[in-house]
Amino acid sequence: MQHFPIFIALAGRRVVVSGGGDAAIAKLRLLLKTEAHLTVFASDPAAEIAAWAEAGRLRLVRRAMEPGDATCAALFYGADEDEAEDARTAALARADGALVNIVDNLGDSQFITPAIVDRDPVTVAIGTEGAAPVLARAIKADLEARLPQTLGPLARIGKAFRKMAEALPMGRKRRDFWSDYYFDAGPRAYEEGGEDGAERALDTLLDRHLASEARPGHVAFVGSGPGDPELLTLKARNALDTADVVIHDRLVAPEILELARREAILIDAGKEGFGAHTPQGDINDMIVDHVRAGAQVVRLKSGDPTVFGRLDEEIEAVDAHGLSWSVVPGITAASASVAAIGQSLTRRGRNASVRYLTGHDMKGFADHDWATLARPGEVAAIYMGKRAARFIQGRLMMHGAAPATPVTVIANASRADQKIVATTLAQLSTDLSAADLSGPALVLYGLAPRAAAAALPDIQPQQEAL
Ligand code: SAH
C-alpha cells in the first residue's frame, strides 16, 4: 500500500486551489462539500468558479499564485493543467507547508483524492493508486446503486439515538436493532415521514426490540418492469434483495426472479391475460397470510403495478387486516415499447394526451371511446390487445379512423426476443396473424417506428400548436 487512506478534518481549515478551468472545477465540486475555507487563484476563472465566489462559497483571487499564498493551508491542489505552472505553484505551496496534489500527476503529488460515494456522514473512498481509474469508477457506480440515498440522513438521525439504544444489551440484540433501522424500518419511515418519521420509527423500534417482539410483516407491491433486468428500479432490486417471500405473476422475467434473495420463497401466482391462473381471491389470501406471519413479502408484478395490475384489490385485502404495505413503481410496457421504436408517447402538434387501454376486461373485449380515438393524431397503448386486435380494428374503422393510421405491435419489449410488427389499421389483424407472435405484446395505435414514420403521409395534426 503506497498510499494510506485517512479522512482529514477540514472544517475551518484553508485549502488552496490554483487554476480556473475544468480540472479546478472538478476538484472544487468535491471540496465545496466540506467546511474548508477555499481560496482559488486563477487569472481567468471559469464562470462557474466566479459564481461560487459571488455566492460567498469560496474566495477568488484573480491572479497567478505568489510565494506565501498557501500559508497555513492544509491542502493544495495544482490544477492549472499546465506542467510548468503546476510545478511552479506546487513548489510554492510546499514551501508554505501544505500537502500538495497536482491533478493528473501522481508522481509529483503527496496525496491523491479518491473516488467518493457521498452519503454524508457515511463516506466511502475508493482508490487504486492510479492503477485503474476505470475500476474505481465501476466500484463507485456499484456502491452508488447499492446504498440508498436515505442512508446519510438515517445515519445522522441514528447517531443522535446511540445513547438511547444502549438500553438494549450490547452484542447481537443491539446489532439487530440497528440493522432493522438502517435497512428496513428506517428507510421506509423516512420515505413516508421524512426526518420526523425516521425519529419516530426509532422510538417504536426500540420499544419493540426491548419487548423482544418480532418485526411485523410487510408487503411491497413492486413493478418488475417489462423484462430487461436493467430496467428494474434500484428500489425494486433492494426489495428483492431482502424479501422473505416473492409472489410473482407469470409475466415476470426469469432473469429478474434470479435476483431475489437466495433464501426467499418464490411463489408463482400464475396470472396471465388468458389461460390458467390463480383466482384473485387466492392471491389476496396468500399475501395476507404471509404478511400476518411476519414475512417481508414482495408482490412482484410485470411493468408498473398500477397499470392493469389489479393492485387495488390486493391493497384492499391487506388493508382489511390492518397490515403494512408500500408501492414501488416500475417501467410500464408502454414506455418500453415506444423506446423500442424510437418514438414519444406524446408529441407537440400531434397528440397532447395518450391513453392506456386494455384490449379485454373481465367481461371480454373492452369497449372504449372509439369515436375520440378515431380522430387523426390520437395515440393509444393497448395492453392485452393481441387477441382483441380484430375487434379494435373493426370498432375504430367503424368510427371513421383512417385505414392508413400507423399501428405498431411490440412483443416482448426490452427482452432478447423482442419483435416489432409495423403495420396500419387496415392491415392490423392480417399482419398480426401472419407474424404469429408469442409472448406479451403491446399494440401502439397511432405510432410507427421512427425510421418508417418519415415515409408515411402527413398525419393531420390534432391541434396546431401544443
Ligand atoms: N402492469 C403491466 C401490464 C400488465 S397487463 C405493465 O405496466 O406493463 C399485461 C399486458 O402488458 C400484456 O398483455 C401486454 O400487453 C403488456 N406487456 C407486459 N409486458 C410486456 C412486454 N415486455 N412487451 C410488450 N407488452 C408487454
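From the backbone N, Cα and C atoms, a Cβ is placed for every residue, glycine too.
Any TrEMBL annotation is an automated prediction that lacks curation.
Database features, via TrEMBL:
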{"type": "ACT_SITE", "residues": "Asp249", "note": "active site, proton acceptor"}
{"type": "ACT_SITE", "residues": "Lys271", "note": "active site, proton donor"}
{"type": "DOMAIN", "residues": "151-206", "note": "domain 'Sirohaem synthase dimerisation'"}
{"type": "DOMAIN", "residues": "219-428", "note": "domain 'Tetrapyrrole methylase'"}
Predicted model, mean pLDDT over the domain 'Sirohaem synthase dimerisation' (151-206): 91
The domain 'Sirohaem synthase dimerisation' (151-206): DSSP-derived helix, strand, coil residue counts: 49 helix, 0 strand, 7 coil
Secondary-structure category, per DSSP, in which the residue listed as 'active site, proton acceptor' falls: coil
Number of Cβ atoms other than its own within 10 Å, given for the residue listed as 'active site, proton acceptor': 22
